[in-house]
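Marked as transit peptide by Swiss-Prot: 1-28. Annotation comment: Swiss-Prot describes 39-220 as domain 'BPL/LPL catalytic'. Sequence annotations record features per position, and here Swiss-Prot assigns substrate binding site to Arg83, Gly84, Gly85, Leu86, Ile87, Thr88, Phe89, His90, Ala150, Ile151, Gly152, Gly163, Ile164, Gly165 based on similarity to another entry. Taken from Swiss-Prot, the feature site 'Lowers pKa of active site Cys' covers Lys147, and the record attributes it to similarity to another entry. Taken from Swiss-Prot, the feature active site, acyl-thioester intermediate applies to Cys181.
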Amino acid sequence: MPFVRPLVTVVRAGRHSYSAGLQLQQRLARSNQILNPPAEFRNYLVLQEHDPVYTVGLRTKDYTAQDEDRLRRLGADFHRTDRGGLITFHGPGQLVAYPILHLGQFVPSIRWYVATLERMVVEACHQMGISSAKATKDTGIWVGDNKICAIGIHGSRYVTTHGIGLNCCTDLQWFEHIVPCGIEGKGVTSLSKELDRHFPVEEASGALLNSFAKVFECRLQEHAKKPASSAEIG
């Protein structure tokens, strides 16, 4: 029987609050999780930008109410999430991609998924002219000692949520108020900084989609329209 590449629907969600993006991905994951067999699952790749927000993952216990208040006073929101990883920033100029996949259609392994996600981002960076981008023992994708892409995922019953935040033309000053992903002595960078030109999210999206289809060996289809809310998808 010939191999049929899994189908993934691309949802271009635009810019909105972190809460709205979280509700969208949770709804998509919940609506499909009950399906059996996994072949019936509808896979999604949600592309978006967030309003300024600091998020902390499952392992973060260090950020107190005072820390949260300090960060909110900068003009950003603050959320505790169910993803892996420590604190990071999302905001305008950053391409956030949330793959909502049933790994039963790919490889049923969270370890494989994280490694493939890393490979996908590295491939996309190479396509955009950053040949030195690579994965290391530290989470995320790096250019030298500077992180260009954060990775934090959640998996339940082989259904993935959360994903990546690729700095395109992000204002990197937001990162100066935290220790990104809890890694001391390292910095952050962006496509714009590395390539010495303005690199918008829309331009990066094309390379990311090309890389995603190639590395995950899947077919991509565009969702019919940009959703105004999670209720418009299903």
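Each residue, glycine too, has its Cβ placed from N, Cα and C.
Non-local neighbours of the transit peptide (1-28) in the same chain are 42-51, 53, 55, 77, 79, 81, 90, 92, 96, 98-101, 105-106, 161-162, 205, 209, 212, 216-223, 226-227, 229-230, 233-234; each lies 6+ residues outside the stretch with a CB under 8 Å from one of its CB atoms. Classification of Gly152 (substrate binding site) by DSSP places it within a strand. When pLDDT is averaged over the domain 'BPL/LPL catalytic' (39-220), the result is 92.
Counted within 10 Å of its Cβ, the other Cβ atoms near Arg83 (substrate binding site) come to 21, all protein chains included. In the three-state DSSP scheme, Ile87 (substrate binding site) is classed as coil. For the pair Gly85 (substrate binding site) and Lys147 (site 'Lowers pKa of active site Cys'), the Cα-Cα distance reads 14 Å.
On its own chain, Ile164 (substrate binding site) has Leu95, Val96, Ala97, Leu117, Val121, Cys149, Ala150, Ile151 as residues at least 6 apart in sequence with a Cβ closer than 8 Å to its own Cβ. Working note on the binding-site residues Ile87, Ala150: by count of other C-beta atoms within 10 Å of each C-beta, Ala150 ranks first.
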